[in-house]
Amino acid sequence: MESNGGEASRLLREIDTLKAAKSDIEHRISILQSQLGEIVDKEETLSSSCSPVPINDSGVRNGLSPEMIYRYSRHLLLPSFGVQGQSKLLKSSILVVGAGGLGSPALLYLSACGIGRLGIVDHDIVELNNLHQQSKASMNRIDLIIQSDKLISGLNYGFDALIIHTEAYISQSKVTSAAAACRAINSTVQIVEHKEALRTSNALEIMNEYDIVVDATDNLPSRYMISDCCVVLGKPLVSGAALGLEGQLTVYNHNGGPCYRCLFPTPPPTSACQRCSDSGVLGVVPGVIGCLQALEAIKIASAAGEPLSGRMLLFDALSARIRVVKLRGRSLQCEACGENAAFTKQLFREFDYEKFTESPLSASPLKLNLLPRSARISSKEYKEKVVNGEAHVLVDVRPEHHFKIVSLPKSLNIPLSSLEGKLLEISSALKGEEQRSGLVSGSGASLYVVCRRGNDSQRAVQYLHKMGLTSAQDVIGGLESWAHDVDPNFPTY
Ligand SMILES: [Zn+2]
């Protein structure tokens, strides 16, 4: 009993000591807050006009609560930003379209810095294979301006550099996940969730509720649609893109600067567009661009500095170079914002952006259907042929660096781009297989073609048929189908 009593009094003493320390810390915080208030007051007196400054309940002369002053003190201490900049931010509203690789860092910084209202639009769900790089974006066509022979322009891709979505949110809406992360960073920001795809049918209503729009989307029709909608509504647009190891950033439709259509009146051919899901992207690249998008949005919202309007920032990760190039100004002939443009809300609602760009608004992978069923074989059927030991050659038409990631046993890698010069190689592989299986020459080793998703394999089979290899068949759905229907342990990428 005695020892229990001794333990209890030791704990009581420790609690008393901690309480005293807590009281000291609280006292110290209140002294610092009051000192901060004085600094801010001085700042205000030096920089403000003669207009009276409102005094809030706590007696601070700037409309910011003590909590806000404490939370945003580092912003307030910036002479070029200060109380005025922060007050404007707190009153502003920003919509981020896309909660992927670009949207994720943008959303985190926008919530941390104290935007008044932050909207998030996305219809996607969180998946494991986009956790490393949470975003979807697309390249603008700056290369068109700088270097017309190299067009790395923008279609959708599904890369995701995950810095906002966690494994706990797999299979949940990206908006739910992103909103939870933003609230966890700053519970004072009003977060508005739009769990839907942005379309012409809802874009005007959604975007009209915000002062500034951040385009963090992943496809070309969305770029045109968002830009046109910003023109119709008179909103500034912060546009970012990332592909591979390069990123781009600009501000459209702001202070008389150009809109997206001014620079790109006609969409690029779809063949000139690359997708991150096909071409790859290093997650930190959209991370950098997304942060810069947040910065541009903050500059516009707080009227600080010089927004990137009429200029474009180009980021080259490999050489660690950042360049800013001047863009063409607003085009008088622009169909959206030009002198005689009659692009109304009604026309916007009726405009078919998918038809205009010949690209889908959703980021779902392309599924071609070029061949009759007789020229195709399912992954399960192919598996049976392998099990039965059927004499055959499997040509994998993916690029070599894809083949290095993963491939089916005994497949022959001949990328689609070099198929034309490799027909002899295929013929001799077929002959070798016939001899190996003891078949009479010409009586038939089968020829199958596979790729990642079953699109390029169809193109390859079309070509092989034309060149006389009429028995060639493609594996429907490619290696993704193999992994889905035959071998769940086969890696997908
Ligand atoms: Zn324009």
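Easy rule for this one: first residue shown is 1, then count along the chain.
Placement of Cβ uses the backbone N, Cα and C atoms for every residue, glycine included.
According to TrEMBL, the active site, glycyl thioester intermediate annotation covers Cys276. Marked as active site, cysteine persulfide intermediate by TrEMBL: Cys451. Taken from TrEMBL, the feature ATP binding site covers Gly101, Asp122, Lys150, Asp218, Asn219. Positions annotated as Zn(2+) binding site by TrEMBL: Cys259, Cys262, Cys334, Cys337. The coiled coil annotation in TrEMBL covers 8-35. Annotation source TrEMBL lists domain 'Rhodanese' at 388-491.
Note: the Cα of Gly101 (ATP binding site) and the Cα of Cys334 (Zn(2+) binding site) are spaced 30 Å from each other. Summarised by DSSP class, the composition of the domain 'Rhodanese' (388-491) is 45 helix, 15 strand, 44 coil. For the coiled coil (8-35), same-chain residues at least 6 beyond its ends with a Cβ under 8 Å from one of its own Cβ atoms are 66, 69-70.
Least crowded of the binding-site residues (Cys334, Cys337), judged by neighbouring Cβ atoms within 10 Å of its own Cβ: Cys334. Close contacts with ligand 1, defined as a Cβ under 6 Å from any of its atoms, occur at none of the recorded positions Gly101, Asp122, Asp218, Asn219, Cys451. Summary of the Zn(2+) site environment: with the site residues Cys259, Cys262, Cys334, Cys337 set aside, the chain residues having Cβ atoms within 8 Å of the Cβ mean position are Ser227, Val231, Asn253, Pro258, Tyr260, Arg261, Leu263, Arg330, Ser331, Glu335, Ala336, Gly338, Ala341. Secondary structure at Cys262 (Zn(2+) binding site), as computed by DSSP, is helix. Within 10 Å of the C-beta of Cys262 (Zn(2+) binding site) we count 25 further C-beta atoms, all protein chains included.
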